[in-house]
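Visitor: The transmembrane segment feature in Swiss-Prot is assigned to 47-67, 83-103, 109-129, 144-164, 184-204, 218-238, 246-266; the stated evidence is sequence analysis.
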C-alpha cells in the first residue's frame, strides 16, 4: 500500500512538471488522485492547491533579478509601472469570477470526465494555434498593450474548468493577440504569481482548522518537491517551445485525455 509520504512526493512531481506546461496541472492532479485512490479526501484536495506555492516560488527564484528590476524601476520608469498595472489587470477577471462562481465551478466541474474532455479539446486548440501562420508583433512580455493584458486575463478564467490549463489558456490568448511563443510563455509565468498565491491563501484559510502536524509535514514535502521540479521544467520548457513550439504538449493532452476516458469507461 502506498504511503502518504510517497503520495506527497509523487503529487509534488506532478505539480512541478505540469504547472507551467500547457497541459493542466489541476487536471493531471485530479487524475493522479483518482489513480492513487484518494477519492473525496478533503485534505488531498487542499494539498493539490497548497503545493502550488512551491511551483510559484520557483518562478520567483528564476526571474528574481528581472522582477526586482521591474519592482524598483516602477518608482521612476513608467513602462515598469505599466507592466505591474498590466499584471493586476490580467489578474482581476479571475478574482471576480472566482469570488462569484468558484464554489459552483468546483461542485459541478471537478469531475474526471470533464478533465479528460477538456484535455482533448484543449490539445486540439493548442495544436491548431501552433500550426497557423501567426505574425507576432509583441516580443517582450513586460511591454504588452494594456488591452492585451486584459484579454489574457479573461482567457485565464477558462482555466477554472479543470483540464483546460491556466498556462495553456493564457499562452494561446497571448499568441492570438500578437505575442511570440517565448513572451507568451513568460507572461503566463508572471501572471501565475498573483493568481496562484491568491488561490493558496484562500484555500489555506479555508482548510486551516483541519490541518494537523502530519498534514503540514506532507505539505512541506510536496512544496519542496514541486519547487525543485518546477525549477528544472521551466528552464527546459522556454528553450524547447522557442525552437519547437507546442505540438508535443498538444498531443500529450490528447493522449492523456483519451486514455483517461478509456479508463473511466472501463470503470478503472
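In case you wondered, yes, glycine gets a Cβ from its N, Cα and C as well.
Walk me through the surroundings of each of these features.
Guide: A Cβ distance under 8 Å defines the sequence-distant neighbours of the transmembrane segment (83-103), meaning residues of its chain 6+ beyond its ends; these are 70-71, 74, 142-144, 146, 149-150, 152-154, 156-157, 160, 187, 190-191, 193-195, 198-199.
Within the chain, the transmembrane segment (109-129) has long-range Cβ neighbours (under 8 A, six or more residues past its boundaries) at 22-24, 26-27, 30-31, 34, 160-165, 168-169, 172, 175-176, 246-247, 249-254, 256-258, 260-261, 264.
Sequence-distant contacts of the transmembrane segment (144-164) (same chain, at least 6 residues past either end, Cβ-Cβ under 8 Å): 24, 26-27, 30, 82, 85-87, 89-94, 97-98, 101-102, 105, 109-111, 114-119, 122, 138, 170, 172-174, 177-179, 183, 187, 191, 195, 257.
Using a Cβ-Cβ cut-off under 8 Å and counting only residues 6 or more beyond its ends in the same chain, the transmembrane segment (184-204) has close neighbours at 19-20, 46, 49-50, 52-53, 55-56, 59-60, 63, 67, 87-88, 90-91, 94-95, 98, 141, 144, 152-153, 156, 166-167, 170-171, 174-175, 234, 237-238, 241.
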Visitor: Given a Cβ distance threshold of under 8 angstroms, which distant residues of the chain, six or more beyond its ends, lie next to the transmembrane segment (218-238)?
Guide: 4-5, 7-9, 11-13, 15-17, 19-21, 47, 50-55, 57-59, 61-62, 182, 185-186, 189, 211
